[in-house]
Every structure is written in structure tokens, then in C-alpha cells.
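Copied from TrEMBL, the annotated features are:
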{"type": "DOMAIN", "residues": "1-331", "note": "domain 'Aminoacyl-transfer RNA synthetases class-II family profile'"}
{"type": "BINDING", "residues": "88, 89, 90, 119, 133, 137, 264, 268, 269", "note": "L-histidine binding site"}
Ligand code: AMP
């Protein structure tokens, strides 16, 4: 279709991005590494829809969070039902756990899922409106071993991907038994600090005072620098839980820092909260985050089920790795240079047979000179080139050229596929 000059090309939506060949190889490598590790640790894949009823996120993430207040892509569908593109995966996994009555067969479940999330944040490097997360969750385990296992698994994944410039930050957010005492202590400071706090924090300090600790606005950070530590207010159970997490991580050689400012942006967390931070990403320092949410399944109408999970920012992880080592695309194992239509037809049939046999083949479908085709083979970094013209076909032999050594050999057309599969595999 022809395009008039005053028509503008359609661009993608602000904050969304394409992940192109050249990048996808790295994404696949990260995905393979994560899946293989998670499966070894007994996690099973769950795939959840990218859209849910708005109420699910409002009830789980919390009405008074940035995500629910201003970042969700929410709309009424044609019948007026309010739907939301998922801003995170945990709520949907809880919904599936409850809906499919998983607790009835075995309450202990380990899940992972990988996919896109949507938040209407202000786009910048490392922050997108459609971004991807690699997510893992453990349901039905109250013991701190689940917390340790997840943090250990994250560490191992980052090691396997050679991502070393990271620190695990850990805190405990207490439980409904001990958190109110901390909130009361915090309230005193918050009322004194009110003039220095941003408008969001002034609004939140009554309804969700912990979130003020998490605010990134410099004035708020300064005002909260002397805030009491929640760790001083933990009940005996929460204290013992946190001590097992930190002691065991130390014994396993997992480095971490206790970070009393870490509260995470979502309402549902209890006890252990953690974040993997890196210096490699500028302002967007969190490459993964997670925590325990012992009350969430029950609050969504399911059986009382302790649970904990994490989400890795896939885009950010890929950016860190790509900055350290540019990815190279896989060259074809074989380039077939065919001259003339009969040879091209034959070459095409060989190329599909070789593709089925697991050999990566490239060829030109148009009528091009041998010189142009050899140039193309070079550009694609092909290791070998098979040269076939009408005269080769008539003689029953083709030429196989090794591009590195420049040596050539003649191969009979009869049994060619078997020969090539043996030579190239
Ligand atoms: P959260 O669900 O907010 O705990 O986020 C978990 C991880 O997802 C973060 O540590 C980030 O690495 C990543 N993440 C969150 N929001 C975005 C975004 N808008 N763009 C890119 N990555 C994000």
C-alpha cells in the first residue's frame, strides 16, 4: 500500500519497547538459566492471564499504594466490567491458588512465572510502562527456610549470569501483632516531620505510615533518617524468624545488608522483605524485590496460607548483563549459494531438510550473482558455504567451502544431506 508523504509512521506507545533480535538471544539465555535453576529447586511454572478484575489488585496491593492510586492501566470493557492489565504477578497467582483449591490437595506449592507487567510510571532508563518480571513464589511454608531458599536462589541465579555488582538488602516488617507498636512510635516522628514531607507522604502518614520510610523524595529521606528501626519493635516470633533468616544466609555465604528503611511499595508484605540492588543502573537501583505475605491468601478469601515470593526486573537484569558483554547473534551453520532457478529450487529443498535436522541454514531467494551471495555469507558470519549451480547439478557434485581456511571440497549430491549433517553437527 502506498503512503502519502504527510502520513506519519506509527510509533510504539511511550514507555513500551520492542526487544529486537540481538537482544532476544540474551533474554532467552536469562530465561533458560532461571527456568533450569527454579526447576532444580522444585518450582513449577504457572501461567496467569495478563488481565484481571481491577478489584483483585485493589484489594491485594492496597488502595493506598502508588500502583493502585495512579499507575494501573484500568478500563471498563464493553459490558462495563472494570479490568486491569496486571501490574505484578503475585495477586494473580494467589487468585489461581484459591480458585483451583490447590491448598486442598497440598498447601505447599512452589511456582514461577515469566511475563509482562504494566504500570503507568514516568518512563526513564530502566523504568518502562510494559516491563517483564521473572517471578517465584512459595505457598504454605511459614518457616524461615522458604525466605532463605528464595534469597539463596536469587543469589545463585545472579552468580550463574555473572551479575556480581549486587547487594541483597533485607529487613523485617513484623506482623499484625508487633507492627502497630512500631507504627505508633513512627506516628510521633511523622507529625513533627510533616512540614518537610512531600504531599504524597503527608497524605499517607495517617493511613499507611510505613510507606513514608520508602519514599525516594530527598526531603522525605532526610526527614526520616533518624526514624526508629522496626527491628527494635519485632515480637519474639518475628525476631526469631528474622534471626534464622540472617544467620542461615550468613552460614550459606550469601552476602546481605540489613536495611531498616526497606519497606517495599506494596501493602501485603509481612516479616521478611528484601531487595537486590545494584550500582549498575543509575537511579533504578532495584533489580529484584520480594517479601513474605502471610495474610494475603486469606484476605482474598482463601484458607490461611503463609507465602513469600520475589520478582526480578527482567529488563533491568538484561540491561546490566548487556552492558558488561554485548551479545553476539548465532551465525548460520551453512550458507547455500545457488545460481539459477533450478539450483535455487534444489537448494531450497535441501535447506528445509537441513533445518529439520538441526542445521542452521541461510540462503538468498532472489536471483543474485555468486559474488553478491558470498558477500552476504560473509556478513552473516557463516562458517561454510555450499555452492550449487546448474553445471554442478548436472555433474552430480556440489562445492563445500570452509570460510575460515578457504579450502573447498567436492561432495556428491547423492547422500548430501547425511554428509552435511555429519560434517556440521
Ligand atoms: P516490584 O513488583 O515493584 O517489587 O518490582 C520488582 C522488580 O521489578 C523491581 O525490583 C524492578 O527491577 C522491576 N520493575 C518494577 N517496576 C518496573 C518498571 N516500571 N520498569 C522496569 N522494571 C520494573
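FYI, residue positions are counted from 1 along the chain as it appears here.
Cβ atoms are placed via backbone N, Cα and C, with glycine included.
Shown here: features listed in TrEMBL, placed on the structure.
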residue : record                   : DSSP class
88      : L-histidine binding site : coil
133     : L-histidine binding site : strand
264     : L-histidine binding site : coil
269     : L-histidine binding site : coil
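Residues 88, taken from the binding-site residues 88, 90, 269, are distinguished by a CB atom under 6 angstroms from ligand 1.
All protein chains shown were included, and the count of other CB atoms within 10 Å of the CB of residue 264 (L-histidine binding site) stands at 21. Per-residue pLDDT, averaged across the domain 'Aminoacyl-transfer RNA synthetases class-II family profile' (1-331), gives 92.
Counting other Cβ atoms within 10 Å of each Cβ, the lowest count among the binding-site residues 90, 133 belongs to 133.
With a 10 A radius on its CB, residue 269 (L-histidine binding site) counts 26 other CB atoms from all the protein chains. Neighbour count (other Cβ atoms within 10 Å of the Cβ, all protein chains): 20 for residue 88 (L-histidine binding site).
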